[in-house]
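Here's what TrEMBL has on this protein:
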type	residues	note
BINDING	A:Lys5, A:Phe6, A:Gly7, A:Gly8, A:Thr219, A:Asp220	ATP binding site
BINDING	A:Thr49, A:Glu120	substrate binding site
DOMAIN	A:390-452	domain 'ACT'
There are 2 protein chains.
Amino acid sequence: MKVIKFGGSSLADSDQIKKVINIVKSDSKRKCIVVSAPGKRNPADTKVTDLLIRYANQAIEHNDFTNTQNAIIDRYQEIANGFGITTEGFSPIKQAIKELPEKKYPNDEYLMAAFKAHGEKLNAQLIAKVLSILGIKARYLDPADVGMIVSNVPDDAQIAPESYCRIAKWKLTEEILVVPGFFAYNSDGDICTFSRGGSDITGSVMARGLDAELYENFTDVDAIFSANPNVVKNPHAIAHMTFREMRELSYAGFSVFHDEALIPAIQGNISVNVRNTNNPDAPGTIISSKIEPNKDYPVRGISASKNFCGLYISKYLLNKEVGFTRKVLNILFKNGVGYEHMPSGIDDITIIMDENNLTPEIEHAIMTELQDAIHPDEMHIIHNYAIVMVVGEGMRNTVGVMARATKSLANAGIRLQMINQGASELSIMFGVSQDDADKAVQALHTEFFKKG
Amino acid sequence: MKVIKFGGSSLADSDQIKKVINIVKSDSKRKCIVVSAPGKRNPADTKVTDLLIRYANQAIEHNDFTNTQNAIIDRYQEIANGFGITTEGFSPIKQAIKELPEKKYPNDEYLMAAFKAHGEKLNAQLIAKVLSILGIKARYLDPADVGMIVSNVPDDAQIAPESYCRIAKWKLTEEILVVPGFFAYNSDGDICTFSRGGSDITGSVMARGLDAELYENFTDVDAIFSANPNVVKNPHAIAHMTFREMRELSYAGFSVFHDEALIPAIQGNISVNVRNTNNPDAPGTIISSKIEPNKDYPVRGISASKNFCGLYISKYLLNKEVGFTRKVLNILFKNGVGYEHMPSGIDDITIIMDENNLTPEIEHAIMTELQDAIHPDEMHIIHNYAIVMVVGEGMRNTVGVMARATKSLANAGIRLQMINQGASELSIMFGVSQDDADKAVQALHTEFFKKG
């Protein structure tokens, strides 16, 4: 059997859901459907999840939420109408939306989680109803019924391992299971959500629990591409990639599939197939644990992310100063700033950080404390820093990939501010100025993907 | 005025010291001579310092030290004979050697320091005497008389900053000052030595204190070369390099000049001239704070050191685990192991360490503690690891150095296990297998130094 998950754009309205129904019907192995909340119908639209967040905030602040409530009801009503669901049939959905502010929650964070979760919950209920109307045996399966238990963090829950054997019991059900994504319950029965975009996680958890032969993740792109199509003209559609490649590329901007959602798939060795609801004939991209390398294409993909900065510290004989790095990391930690990478010379170190974590106040505090604690010869922050990643399992044991990469960057006149490649040899990381990031991706893509 | 320091091979016997006298006489600015202990006269010979260490250990263990004592006396006697110093003139030297075991020391470590220091102390006394005999106005200047105070660590003393203004008072002395290298006294008047090879430090301290126009460091090579002459045929003699370049190159094997000795020179902005006692007409290598870049040669030198190992750790979503690196470094620290460099992927980290610090027991302890503390997906030690350094201030702002370096390595069939270059852009660091290290240096040297 296959677990099949649909993203918000695939479920944005009744027309989209008709495509989903056809996809489900076209393969009898598709026995478990995981659904997101209805997404945007057009670029100017608002996702139901965002409406629910507004609704929750208005409820918390005792503001008038009538318009928001109606806007949410309208979204589901449109879907119900599209499939001829009666007023009576739709009334439980409407009721559930209206009752949300009246229920009791341990605190506002749990309130927020419960409001958000109803985007998926009600959509799954509605779609189960639609399938039944169309004569397809289907049932809504709540995370509570499925036995999915999560940790006690309302907006960033983690799945409890005991969930998997409970899920396994549903493997032989005749009906198609329609499971809402994004949330489950803690041991007290309160709703907790995964991190944003976490319907991918539910799908992956179900796939592992049911030991699915494939986890199909339907979204709105034909495939994962070898580079951002907004930066590189006609990038390659990646037919097959590994979990590790996906993870490395997602670090610097490839956001098709949720990072945390890879974990259950990896643990259960379930291949993931990213596909397009709007073009179901396209084979999409398969992500699995291992694939045969292709010697002609040692690189799988090239990504860039622009939101970094570098803290440069130099001090003569730093290298002989025992505990230096620990001191620096402790000061960063105290100020709530994590580090990403730490390339070093002999007597200098460059600490690459997420620029978003560094307000001017935090920057000032860190610099002052570092000055006092370590007396550097030189210290400064490099803003406008971008990281470009060249990723591919095929780079391992292939001599010359670095030479090709650096040559293409040099030919494009790009100055390398940092280079970092450890023993995994799965990726090469370049630090460049933000202005050079797109040019770097283009140059590298031409080098590794445009043959002959 | 110039401070001029002679290494052990330049003072190994009376023939060598005759060369030293000629060098001193040939430039009237050479007003302060810092001397090492007599070194090896031939490859099979023993340095006086090593004889003194043997002598000290025999004294500590109450073994018979007659032969060792005589061997030391013979070394100085040969020098005295070479310059016609009388038995009476030599007797204080002989006496001092004999009296060493009879003196009181705070403990055996101070005993060892005092024994070792006499290699330099007696040599300086003897050379001052030789100069006087030759009609050159000279005086032996003990570190106690000069006012050089050091910290209380018998075998790794650090100079106290107040020493410099005391040294400055000797600037206008008419006589040539002959100062023994390697040692000074703590505030209790006990002899403490610098780390091994520390006569370079004394020279640099004197040069800074006297505000010398140049610190000449005479040794037994014509210059510092662009690569190890045992690895590369006919490397370039480096005419001029910066302190920072010297430091980076010395990290991986360029050991001509003592690391710590650069500090006073940097602080006082005193240029250092490394020269050859056996070929005093050769201009040697000037090391100074800044030089004009030469566009044809962005790289100053290439070095390699083979005694490293790498600890590879990978764990899915490691990058999101706050405090991960601190945990790892704490475990290393607890086991007395420092780290050298830490290149990283997204979910993996390679910790480069000095192989000499890692006994099988320590390796086992570290691996066990890491396993318990961080539950890695994969972890292993990479032995036989070498670091190759490409160093040059001219690399900064020069696009394409990395491309040339990696291409030459790829053409030589060398697999890069690690690449590390931070924001200083002063050096590039490559991790290769030990077997590839020499080949890597050769390939890089050909690329950057053999033009046309």
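For all residues, glycine too, the Cβ spot is worked out from N, Cα and C.
Overlay of TrEMBL annotations on the structure.
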residue: A:Lys5; record: ATP binding site; contacts (Cβ under 8 Å, 6+ apart): A:Ile33, A:Val34, A:Val35, A:Ser36, A:Gly181, A:Ser199, A:Asp200, A:Thr202, A:Gly203, A:Tyr215, A:Glu216, A:Asn217, A:Phe218
residue: A:Phe6; record: ATP binding site; contacts (Cβ under 8 Å, 6+ apart): A:Val20, A:Ile33, A:Val34, A:Val35, A:Ser36, A:Phe218, A:Thr277
residue: A:Gly7; record: ATP binding site; contacts (Cβ under 8 Å, 6+ apart): A:Ser36, A:Gly39, A:Ser199, A:Asn217, A:Phe218, A:Thr219, A:Asp220, A:Thr277
residue: A:Gly8; record: ATP binding site; contacts (Cβ under 8 Å, 6+ apart): A:Ser36, A:Ala37, A:Pro38, A:Gly39, A:Lys40, A:Lys47, A:Val48, A:Thr49
residue: A:Glu120; record: substrate binding site; contacts (Cβ under 8 Å, 6+ apart): A:Val35, A:Ser36, A:Ala37, A:Pro180, A:Gly181, A:Phe182, A:Phe183, A:Ser199
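The ATP site is set by A:Lys5, A:Phe6, A:Gly7, A:Gly8, A:Thr219, A:Asp220; from the centre of their CB atoms, other residues of the chain with a CB within 8 Å are A:Ser9, A:Ser10, A:Leu11, A:Ser36, A:Gly39, A:Ser199, A:Asn217, A:Phe218, A:Thr277. Comment: ATP site residues A:Lys5, A:Phe6, A:Gly7, A:Gly8, A:Thr219, A:Asp220; largest CA to CA distance 12 Å, whole number.
Look at A:Thr49 (substrate binding site): DSSP puts it in a helix. Here the Cβ of A:Asp220 (ATP binding site) has 17 other Cβ atoms within 10 Å, regardless of which shown protein chain they belong to. The DSSP secondary structure for A:Lys5 (ATP binding site) is strand. Secondary structure at A:Glu120 (substrate binding site), taken from DSSP and collapsed to helix, strand or coil, is helix. Within 10 Å of the C-beta of A:Thr219 (ATP binding site) there are 23 other C-beta atoms, taking all protein chains into account.
For A:Thr49 (substrate binding site), the Cβ neighbour count at a 10 Å cut-off comes to 24, with all displayed protein chains included.
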